[in-house]
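Peer 1: Before I ask anything, let me first share the structure, which is written out below as structure tokens.
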Amino acid sequence: MSDLLGILKQQGQSEEFDAIKIALASPELIRSWSYGEVKKPETINYRTFKPERDGLFCAKTFGPVKDYECLCGKYKRLKHRGVICEKCGVELALAKVRRERMGHIELASPVAHIWFLKSLPSRIGLLLDMTLRDIERVLYFEAFVVVDPGMTELERGQLLNDEAYLDAMEQYGDEFDARMGAEAIRDLLRQIDLEDEIRNLREELPTTNSETKIKKITKRLKLLEAFYESGNKPEWMIMDVLPVLPPDLRPLVPLDGGRFATSDLNDLYRRVINRNNRLKRLLDLNAPDIIVRNEKRMLQESVDALLDNGRRGRAITGTNKRPLKSLADMIKGKQGRFRQNLLGKRVDYSGRSVIVVGPTLKLHQCGLPKKMALELFKPFIFSKLEFRGLATTIKAAKKMVEREESVVWDILDDVIREHPILLNRAPTLHRLGIQAFEPVLIEGKAIQLHPLVCTAYNADFDGDQMAVHVPLTLEAQLEARSLMMSTNNILSPASGEPIIVPSQDVVLGLYYLTREKVNALGEGKIYSSAQEAQNFYEAGHLDIHAKIKIRMPKEDGETGYHLVETTVGRAILAEILPKGMPFDYINRTMTKKVISKVIDSCYRKFGLKETVIFADQLMYTGFKYATRSGASIGIEDMEIPDDKASIIEHADNEVREIESQFRSGLVTNGERYNKVIDIWSRTNELVAKSMMSKIATEEVTDAKGNKVRQESFNPIFMMADSGARGSAAQIRQLAGMRGLMAAPDGSIIETPITANFREGLNVFQYFISTHGARKGLADTALKTANSGYLTRRLVDVAQDVVITEDDCGTDTGILMQPLIEGGDIVEPLHERVLGRVVASDVYIPTQTEPVVKAGTLLDEEWVEKLEKHGVDQVMVRSPITCQTRFGLCAKCYGRDLARGHLVNTGEAVGIIAAQSIGEPGTQLTMRTFHIGGAASRATAANNIQIKTKGVIRLHNIKTVTHENKNLVAVSRSGEVTIVDEFGRERERYKVPYGAVISAQDNSPVEAGQVIATWDPHTHPVISEVSGRLKFVDLIDGITMNRQTDELTGLSNIVIIDAKQRSAAGRDLRPMVKLVTDEGDDIYLAGTNVPAQYYLPVDAIVNFEDGSLVGIGDVIARIPQERSKTRDITGGLPRVADLFEARKPKDSAVMAEVSGLVNFGKETKGKRRLIINVSEDQCHEELIPKWRHISVFEGEHVERGEIIAEGALNPHDILRLLGVGALANYIVNEVQDVYRLQGVKINDKHIEVIVRQMLRKRVITFAGDSKFLVGEQVEESAMLQENDKLLAEGKQIARGTPILLGITKASLATESFISAASFQETTRVLTEAAVSGKVDELRGLKENVMVGRLIPAGTGYTYHQSRKAKRARVAAGGDSSATHTVTASDVEHALSEALNADNHEH
């Protein structure tokens, strides 16, 4: 018998599952869940507080109210378990069954489920091919629908109003069947033959031509196939039976004073039951049709309200005019089931308290108040007390702890030793917001935090609070120690740079310690060791800043000693350097940047342990000497420059001068405003400069008595210079002038604040300042919410990106080049490729062997090698081109930035990427910059002046040579680069059309040389051949006017706008041609395109008809409208726009194909641009007239070249230039925003997000697959289907990548659980239920929600081994694994056991 019990025990083990399916519930299924019908609307008896029988809380249906106790009290006790009381019908069980037992309501008339009716697109409507409006008229009893036309002329699904129905009855009698209400709809749904419909639609699809029809058919087809494949029946969308939620999930609690607090669901259920019972009664009484109809309609409405209140009509409200919370509201939104209870739960063994600074702690420690520790570790203390025999029972132990006996504290010390705890500070924006520490017991009530981890937590000690959590299991402690310990998180996962960097006081102390002072006590002395110098300093014979010489051991492995010039402070600092670290790293003034570099190189050279010790030592030293320095801010330290008054007076005079010019009409108001703003910005700079030079240096006497200048020891200057706190801009406001302020609309007020804070502001100045200050606060509040929402969307889209294999074997990648803007290298190549894997061998011209082989992970050494050889582009593997089906491969991702080695399998790189991009979001600005105002007014560039010596190279520039030997550019996308002697690119500039280039290709240039010039305010039309000018359609007074310039007296020919021309000139297209003296066409070199140039509106022609024109002459010029400047969106909104893949307003028009351009006939307000690919193939594009088109007739364009200027549209880039170009565009644009704020983020994080935006394919060719043309499918799904088709030798489907914004991509994910918990819960669940979706639980969110370990990190291996074990069981290899027991197994075991018993007898 024992083995039978063994089998049954195994049966009770936790169930293991790999997927969750959602489907429609059939009426039979609902009845099978139920433990009884709810017949009455009563809840509980208000006198006895006992549930009413057959009511909403009935104990007979839902189970007993108290454990193992029936309602009437006849049976109590465990021994009656399972007995059903004869008197009250209650089964004796645990009271918690009231949380899981459901009931049901038998509806007297069928009711439509509102989700499938009203959630767009209406599923019922799609199936029946009726409009939602019509279906609603039937359901809410306003019209009849023909269910069965019989032999009549009526159509199935046709609507009849009352008159039409009566007429039809008169005409046909009983030959047809027309009804109203949900029954009619249910019968229509029943009549649908899914297979038949699918076949018909599949046949109809290829024959239709209309776009809308194809769309409609595809939608219906997909829905019908979903129903057919999932086994859902359409009529189940109409309900005969309504399930009732278990009573403990909709509680009714008596409050004191005889009132009750109840869940809204009870009200909604009561309303349904009341109406249902009334309807039953009316049907029994054979009431008049109109009354029954009304009751049925009311029943439908009350069920609607129960399922989703407010989706149709007005929401039903409770007593306090507040809409009742329906079942749908329970699960959606931030307070819904998904986000409140499944994704975020409260945890026990936790506490929170205020944090204070713990400057004496080691990096891996935190101070934990004894009171908190006692409470948090209680169970551990109890067990220890019992184990040591100090307490006999847990109760006794509890008493001991409550009395706080002295032995308890000893045991607490014991329990806490080596038991890490987690500290978390909200908001947790990235993974460094939770770290593990070893607790040190302290008196007091505040948690002590190590100062160096403040940066990671973004914590300060102005009243911040932190939460403590205790990892209980051994595994949890192990993970906390090895992965989350603060000492293991020295590098930031966002950029791979150290995040444990001293700041504020520590920086100030180290800076003060390492400064030099002229003529300090003991200058010029020589000491035998750093220790000796320190002793002399401690004894008071040396100043800490004195310049001295010290005998130091040589570096680079050389033996012997040498003298080093240094200061006493630096010698003191040398004592804490790790062994083997060169002294010259710190033999300089230590600012924050220098310290960060030192820590970084320490980590790379000596590893983790040394770095942690070094960082701690730096902190202790910094604090010590910051205290010794006595640096403090006094009002005298804000030194106002002497020449401030004269500078301001000068500016005032300039402004007066401009005002008088404006009054005499020489300048416009706009010009006057701009000039005034410019003057004041310049003045502000001058005052700031003068002030900084005064504060930054001081005059002292050196040892020889000469006057010399040295860096000042002014505390304000020291704080700013060291990077401890404050900036030049802030000092400027304290001691210079405050400068220009912005008005509420973002424009700049032209009266500046000339005072500074030391002098004080007058009322007017104060008033101007208030606006900016307030806007700052409002901005900050908005920014936090927006940034949080962006992070949430990013996490959602990338949550299932995990490293799942080592190498996907692809040889593609993206090309990395240094980022060069204008003459500056913004990001050198070695920074961009560090930590990436090379995709294809890197060669240099002088060698045949590759410098770096494909598959190499580029670390610091390799990168230096690339730099040395002058490599300027490398093809690296990227997440975007990774071929792994689910997740990513380690090679495509490269280095784990926070650890410094190749990423491990199972690393959740998607979440890390999302956090890295989202966390700095709060530092980004919120505003859109308006052009105008000193902040963003860049003068229009009109030349290229180079910064470095090198050789000039021209890239895809078409030029013609002017007679004065200069080159003139006649191409648009041309660029010029300057390369150094190794052939490395140093500078890159765009060369506009019409620029005059004064240097030849491949000619050497010097720094400072101007190599190209152009007029920034006009677009020229350049002649590419020489000849005589011939006017075509240029008729004076009709298509052109002559305007005389007042100043010069010259007359110009100007083209008139077509709208303003007379009827005769409307269709004329003015152009100029170049012809020979005989009047024959001249063709462009090497083509059969005549040299002719169409002239747009407002073009100014420089030559008269018939005049001679040379090569490179400017025939006409088109003034550039500076008025139509677009607002530049910056900061957070820009990042959001990029990731949401939003189409910009007035986006650039790009050439769809490569070919020759010509202009067709103009249509209303638009120009027709035709690109001829070949004789018989061309592409047309309509472009609004006001857009500036940057190509000319007869010009050759490449696919993807910009035809009309504007912001680029990412969808166009993907379509025309491919995935690589798109990736580059998004990465660079996002990086531009972050770089402006000085935030470093590694490119690969953005690439991971872009990969997720490119998950879908649009099917272009269906082949033999189940997909339809134009359908959007997950790439992995398409590949899987193709694998299947290939195996069967059928035609595979093909698709093109499509870009989705992050919100859309999250909602379009395969996992319905993840999508439903993100946004639009109702829509996602409706769609999933109808198609019977199966969630494979691949992502992180889904697994958190079903309560399993996430398939990432340590959980990744757990899931792998679990699946492997299951596979072994399936193969029959491992018998020790869990059996699945069938009923026959149990029968067999039982009979064997009984037989054995018989034999014994």
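Glycine is no exception: its Cβ is also placed from the backbone N, Cα and C atoms.
Source: prediction; values computed, not measured.
Residues annotated as Zn(2+) 1 binding site in Swiss-Prot: Cys70, Cys72, Cys85, Cys88. Here Swiss-Prot flags Asp460, Asp462, Asp464 as Mg(2+) binding site. The feature Zn(2+) 2 binding site is assigned by Swiss-Prot to Cys808, Cys882, Cys889, Cys892, with sequence analysis given as support.
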Peer 1: Restricting the comparison to the binding-site residues Cys70, Cys808, Cys882, Cys892, which residue's C-alpha is spatially nearest the C-alpha of Asp460 (Mg(2+) binding site)?
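Peer 2: Sorting the binding-site residues by distance from Asp460 (Mg(2+) binding site), the top entry is Cys892.
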Peer 1: Could you check which of the binding-site residues (Cys72, Cys88, Asp462) sits closest to Cys808 (Zn(2+) 2 binding site), going Cα to Cα?
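Peer 2: Closest by Cα distance to Cys808 (Zn(2+) 2 binding site) among the binding-site residues Cys72, Cys88, Asp462: Asp462.
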Peer 1: Just to be sure I understand the packing, how many Cβ atoms besides its own are within 10 Å of the Cβ of Asp460 (Mg(2+) binding site)?
Peer 2: 11
Peer 1: Sort the binding-site residues Asp462, Asp464, Cys882, Cys889, Cys892 by C-alpha distance from Cys72 (Zn(2+) 1 binding site) and give me just the closest.
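Peer 2: So, spelling it out, the nearest of the binding-site residues is Asp464.
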Peer 1: Under a criterion of Cβ-Cβ distance under 8 Å and sequence separation of at least 6, what residues of the same chain contact Cys88 (Zn(2+) 1 binding site)?
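Peer 2: The list for Cys88 (Zn(2+) 1 binding site) reads Arg53, Ala59, Lys60, Cys70, Leu71, Cys72, Lys74, given in order along the sequence.
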Peer 1: Distance check, please: Cα of Cys892 (Zn(2+) 2 binding site) against Cα of Asp464 (Mg(2+) binding site), rounded to an integer number of angstrom.
Peer 2: 40
Peer 1: Cys808, Cys882: which of these binding-site residues has the highest Cβ count within 10 Å of its own Cβ?
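Peer 2: By the 10 Å Cβ neighbour count, Cys882 comes out on top.
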Peer 1: Just to confirm: which same-chain residues, 6+ apart in sequence, have a Cβ under 8 Å from the Cβ of Cys889 (Zn(2+) 2 binding site)?
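Peer 2: Looking at Cβ-Cβ distances below 8 Å from Cys889 (Zn(2+) 2 binding site), excluding near sequence neighbours, one finds Ile803, Thr804, Glu805, Asp806, Asp807, Cys808, Cys882, Gln883.
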Peer 1: Could you state the CA-to-CA distance between Cys85 (Zn(2+) 1 binding site) and Asp464 (Mg(2+) binding site) to the nearest Å?
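Peer 2: Given the Cα positions, Cys85 (Zn(2+) 1 binding site) is 58 Å from Asp464 (Mg(2+) binding site).
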Peer 1: What are the other residues, in sequence order, whose C-beta lies within 8 angstroms of the center of the C-beta atoms of Asp460, Asp462, Asp464 at the Mg(2+) site?
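Peer 2: Leaving out the recorded residues gives Ile355, Ala459, Phe461, Gly463.
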Peer 1: Applying the rule Cβ within 8 Å of the centroid of the Cβ atoms of Cys70, Cys72, Cys85, Cys88, what extra residues of the same chain belong around the Zn(2+) 1 site?
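Peer 2: Once Cys70, Cys72, Cys85, Cys88 are set aside, the remaining close residues are Ala59, Leu71, Gly73, Lys74, Tyr75, Glu86, Lys87, Gly89, Val90.
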Peer 1: Around the Zn(2+) 2 site formed by Cys808, Cys882, Cys889, Cys892, which additional residues qualify by having Cβ within 8 Å of the site's Cβ center?
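Peer 2: Leaving out the recorded residues gives Glu805, Asp807, Thr810, Arg877, Pro879, Thr881, Gln883, Thr884, Leu888, Ala890, Lys891, Tyr893.
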Peer 1: Among the binding-site residues listed here, Cys70, Cys72, Cys85, Cys892, which has the most company in the form of other Cβ atoms within 10 Å of its Cβ?
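Peer 2: Its Cβ has the most other Cβ atoms within 10 Å: Cys892.
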Peer 1: Does anything in the same chain, at least 6 positions from Asp464 (Mg(2+) binding site), have a Cβ under 8 Å from its Cβ, and if so what?
Peer 2: Val354, Ile355, Arg425
Peer 1: Helix, strand or coil by DSSP: which one applies to Asp460 (Mg(2+) binding site)?
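Peer 2: Where Asp460 (Mg(2+) binding site) sits, the three-state DSSP reduction gives coil.
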Peer 1: Can you count the other CB atoms that lie within 10 A of the CB of Asp462 (Mg(2+) binding site)?
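Peer 2: Other Cβ atoms found within 10 Å: 5.
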Peer 1: Specify the secondary structure state of Cys889 (Zn(2+) 2 binding site) as given by DSSP, simplified to three classes.
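Peer 2: SS state of Cys889 (Zn(2+) 2 binding site) = strand.
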